[in-house]
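A.B. asks: Before I ask anything, here is the structure I am working with.
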């Protein structure tokens, strides 16, 4: 991989075109060998794509609509139980199977974004998830429904292909903003799915929820065909086995990846713990809120969706490490409010609900921006590692938080989260903002808060990591 000299930035790098011989110079004319790619969307090395605001918003909307597939089932479990004539315990397996499929997809499919054309991969995944959703809408057998639910989760990962693709296409000085738009879209998908499914199932059969999903995915599929630029594979020589080998290599040889994974895991556990146990907190004394009232707290997520892209602009102007530090400190502050007053004052719960949402999403975007600097040729694999940490954190936070809350109460559960937030701060402080790439502990390089896009510091990190992996024949 070629290395740019300090202070130089070529047009190809600004346009998100990695300077590597691994990228195919030829232009594909067909998707899947038979479906013509619109000429304006075909890749030309001499004419890099312009990643503007409209295309960024399109990525975010697609991320919202695809991620919604993972949550349609949650508000309609009672209707599913009645329709299949089974107990609530049996039907409760469905959300678990969806999330299990999603987790396996993150591990086995998302990293393939580094070895395949992203346009073709996205079109294929959306087509598959649409077909499996049709199965959900028509089947009358619970076992078939469970199997289809697993495969819907397994193939509904296109949003996690869009995210590193946005990082590849956007100019470096706008990377965090672009990532934040897609990340906000993913967050919005959770709320959209629950609201739409609840409203539709309240008036008509639950099957119409999935027919609606089929139509929505059809719109995403057609829109992606007409709008999504064709971008060549970053690593055409990479094998499937080498893909996993390189991911393992990142986890043992890249201190920044390990640091970000640990922070993401702990933060995700805290975040999920809060929202899962919030129902228990608000339904019990002293609040005794109804299900509808508790559900309204979810709308605070909309405010988070609006604010996080604005925070992306801040990350673009500051070093992401400092933004991660500020976000982590705010997470600790909001959790302290929850620990002190969450069980006695609803105003505290409202403040914490909004504050945790914004601070956590800001932290996740800044961590992604940091990690994506390591290798522009491996962003899909790096993204998969970060997301697997988030997924494991969600599982841990749900199980541990529920056990602690039920057995020891809300304040003990809040102290558990406080301890995990303190752990994140300790992990972050082990390495300073400009610590050399291969050092596990240290504060060398100063404390400058300004990002240095195009400098030897940033570009040297990327090229150095990529070259290390190239020598091992993994990239």
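Note that Cβ sites are derived from N, Cα and C of the backbone, with glycine treated the same way.
TrEMBL does not curate its annotations; it predicts them automatically.
A quick note: this is a predicted structure, and the numbers were derived from the prediction, not measured.
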A.B. asks: Scan 145-165, 208-228, 229-249 against TrEMBL and say which stretch is down as transmembrane segment.
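C.D. replies: Spelled out, TrEMBL records transmembrane segment over residues 208-228, not the other listed ranges.
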A.B. asks: Could you tell me whether the transmembrane segment (256-281) and the transmembrane segment (412-430) are in contact, taking contact to mean 3+ Cβ pairs under 8 Å with a sequence separation of 6 or more?
C.D. replies: yes
A.B. asks: Against the transmembrane segment (92-109), which of these stretches has the most C-beta pairs under 8 Å: 49-72, 121-138, 178-196, 287-308, 385-406?
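C.D. replies: Out of the listed stretches, 385-406 contacts the transmembrane segment (92-109) most.
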A.B. asks: Please identify the stretch among 49-72, 121-138, 256-281, 287-308 with the greatest number of Cβ pairs below 8 Å relative to the transmembrane segment (385-406).
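C.D. replies: Checked against 49-72, 121-138, 256-281, 287-308; highest Cβ contact count belongs to 256-281.
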A.B. asks: What stretch in 49-72, 121-138, 178-196, 256-281, 287-308 has the biggest tally of Cβ pairs under 8 Å against the transmembrane segment (208-228)?
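C.D. replies: The stretch with the most close Cβ contacts to the transmembrane segment (208-228) is 121-138.
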A.B. asks: Tally Cβ pairs under 8 Å between the transmembrane segment (121-138) and each listed stretch (49-72, 178-196, 256-281, 287-308), then give the stretch with the top tally.
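C.D. replies: When the Cβ pairs under 8 Å are tallied, 49-72 comes out ahead.
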A.B. asks: Which sequence positions outside the transmembrane segment (287-308), separated from its termini by at least 6 residues, show Cβ-Cβ distances below 8 Å to it?
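C.D. replies: That would be 180, 183-185, 187-188, 190-191, 194, 198, 278-279, 281, 346, 349-350, 353-354, 357-358, 361-362, 365.
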